[in-house]
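Written out below as structure tokens is the structure these notes cover.
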Amino acid sequence: MQFSRFIPRSSPGLPPYGAHDPPMMQNPAPTTAPPGAITPYLGFKARLSQIWINKWTILLLLVLARVLIAVTGLNDNMASAKREALSACTSVESMGSAMASMPHYMSKGVNELTASGVERAVNGLMSMLLLTVTGVEEVVVFFVNVLTQTYLCLITLAVSGSLHVALKVVEDAADFLNKTLADVTEGIEKGVDGFEDKINDFLKGINSITSAFGGEKDPPKLDIGGDLDKLKEIRLPSSLDEGLKKINDSIPTFDEVNKFANDAIRYPFKEVKKLINQSLEEYKFDRSVFPVPQKEKLSFCGDNDGINSFFGKIGSIISTAKKIFIAVLIAGAVAACVPMALLEIRRWRHMKERASLVQKNDHDPMDVVYIVSRPYTSTAGLKIASWFKPGRRQVLVRWIVAYATTTPALFLLALGIAGLFSCACQAILLHAVKKEVPGLTNEVSQFADKVVMSLNNASEQWAISTNRVIADTNDDINQKVFGWVNTSTTSINDTLNVFVDKTSDVLNDTFGGTILHGPIKDVLYCLIGLKIQGIQKALTWVYDHAHVDFPNMPNDTFSLGAVESIANDNKSDPESFLASPGDKTADAITHVVVRVTEAIENAIRTEALISTFLIALWFAILLIAVLRALTLAFRRDKPRGEGGIDATYHPPAPRAAHAVGSMEMSDFYNVPLTGVPNANGDGGLAPKYSTTPHVRGGSRGSDTDEEEYQAQKLGYAGQRDYEAALNREMCRESSCGQVMYGSEKR
């Protein structure tokens, strides 16, 4: 690819630039249109009149239009989302009302279940009580009989044995005494008779002596016969053992005690069994006493609910963002006119400055046109090219800049940047909308809380009323059934006390005043009293604990499952009872808004990808230019002798009119690739090129000239130091506003 091609030297000769002009036109003085003159091109004021349609203002207005379209679409999407959310809310409201009315529908079944449970429990309890009462009755009677019979046996053993021994001792003592007294009396009589005989003999001797003295007395007689007769008549009274026999005959058999105790013990048991038998088939739980909660009608989709407030807030945010975007972008579009006006003024000056290059014949006309028509991109190319060494690389760098900054390429880049800026504006708006989505989620969670609260209130009221019925049932059963149990325990306790008292009375009547009374009372307390106390303690425990207590219904009977469902929302893959199965969002209502925001986000992402692709396409163009320039930079061009062409621009040198005809087009001019200093020092408009033709077959001068010549053979158009030439332009502005250049006369 050649950047500037000219007619090869083998072509027919053409007159050099300006050869056909008269001598005075070969170096014409720069001329400009007078102020106010009509020109076919736009003047300074005309250019300023179109500042308002500069590219940046237009781009900002296009961005504004795209943002307004996005805002309109977002409003439409939010309106659609609101309709869907309200529809979903209505469905949730209906489902929530149905759930809140669950106690109404479930209470009948639960009430029937509770009533049946109570009936079966009471019937089973009565059957058990009937069997238990009968068993306890027989056990108590048996135990009391065991105690009384045992005590009777012990008393009979102790008292009868003692009395029989005592009677035997008394009888033996009486027999022994009667026999002994007879023998003693007979012995005494014999002793007294012998003693009396001896006394009489003794007295007879004494009387014989006394008769000698003249007196005689009769001896006294010892007469104890009467006393001995009394002694013989001593006998133990026959009534000595009558008391013992009476005691033996009066030992109680406790038949009356047993009969009294049995009757007293069996009476309460009979009454309890009678009551149980009467109530066993008659008990029927009254189901009408159970409460039935009313149906619930929830309403959280009205005018003052969170959904309308959420979408109202979203609409307010969108409206505010729309106003902000309109104000900012319009202000930016208007503000862009100021720097663009300054740039247009500068461009106009540069164009007038560089327009003088067109009149010079020592520059590539195409390059000059490019510099004049694209002042900023060409200036950028010149600036960047100045970083490299003079020569082909500078030309290639300028060509890269020119290739990447063509009008289509810049339009592509500007379109991509504007698209990204539009996406950024839409993303800001979408971010503001998405920030409010958690608020809707909170509102929806409050819907669930409302459902659970209503459900919990209904469940609690039902549980309170049901528990009151259960408490009344407990009291009724405790009074009708266990009331007799308490009465029976009290009666049995009293009966045992009466039994002990009656037994004590019998013993007092029997052994009162005897030595056996104390031991028998001790035996009674040890054998019966301690046992009776144990029975009384047991009866007291039965009295204290003999009552039925059916369990109450918990307050969360109908709301427990809903509460657990909400509690499980914080776990992985939650599925709220307000959400449809398979929803990945918190609930169906939030899913509507999330779906809309995700659709808008996908659209923004698509636009961003398209804009990025446009920018990437511009970079691809830049890469193509760089690769092409690198290829040309490192490729050696063929010399003319090998079939190559001279790609270097050689402007004709200004000559006199008479010399034009003698100049051949085939002459080769030694044109340096860099700017040549002005030898005259007059600040020329542009660098001058050497017009010394190469003399074929002659010497080229020094080796340096030879190297320059070889380098210049491969030159390209546009390698001239235009920037230096332009910098050397001395311009000024006259009082009338006309731009005058350094070469102009003042």
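Using N, Cα and C of the backbone, Cβ positions are placed for all residues, glycine too.
Small disclaimer: the values here were computed from a predicted structure and weren't measured.
Straight from Swiss-Prot, the features:
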type	residues	note
TOPO_DOM	1-50	topological domain 'Extracellular'
REGION	1-32	region 'Disordered'
TRANSMEM	51-71	transmembrane segment
TOPO_DOM	72-138	topological domain 'Cytoplasmic'
TRANSMEM	139-159	transmembrane segment
TOPO_DOM	160-323	topological domain 'Extracellular'
CARBOHYD	Asn178	N-linked glycosylation site
CARBOHYD	Asn248	N-linked glycosylation site
CARBOHYD	Asn277	N-linked glycosylation site
TRANSMEM	324-344	transmembrane segment
TOPO_DOM	345-398	topological domain 'Cytoplasmic'
TRANSMEM	399-421	transmembrane segment
TOPO_DOM	422-606	topological domain 'Extracellular'
CARBOHYD	Asn457	N-linked glycosylation site
CARBOHYD	Asn486	N-linked glycosylation site
CARBOHYD	Asn493	N-linked glycosylation site
CARBOHYD	Asn508	N-linked glycosylation site
CARBOHYD	Asn555	N-linked glycosylation site
CARBOHYD	Asn570	N-linked glycosylation site
TRANSMEM	607-627	transmembrane segment
TOPO_DOM	628-746	topological domain 'Cytoplasmic'
REGION	682-708	region 'Disordered'
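This view paints the features noted in Swiss-Prot onto the structure.
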residue: Asn277; record: N-linked glycosylation site; Cβ contacts under 8 Å, 6 or more apart: Leu130
residue: Asn457; record: N-linked glycosylation site; Cβ contacts under 8 Å, 6 or more apart: none
residue: Asn508; record: N-linked glycosylation site; Cβ contacts under 8 Å, 6 or more apart: His517
residue: Asn555; record: N-linked glycosylation site; Cβ contacts under 8 Å, 6 or more apart: Asn456, Ser459, Glu460, Ala463, Ile464
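The helix, strand and coil residue counts that DSSP assigns across the topological domain 'Cytoplasmic' (72-138) are 66 helix, 0 strand, 1 coil. Across the structure, Asn493 (N-linked glycosylation site) and Asn178 (N-linked glycosylation site) are spaced 57 Å apart at their Cα atoms. For the glycosylation sites Asn178, Asn493, counting C-beta atoms within 10 A of each C-beta gives the highest total at Asn493.
Residues 47-48, 51-52, 54, 56-57, 60-61, 63-64, 67-68, 71, 376, 425, 429 of the same chain lie 6 or more positions beyond the ends of the transmembrane segment (324-344) yet place their CB under 8 Å from a CB of it. In the predicted structure, the topological domain 'Cytoplasmic' (628-746) carries a mean pLDDT of 45.
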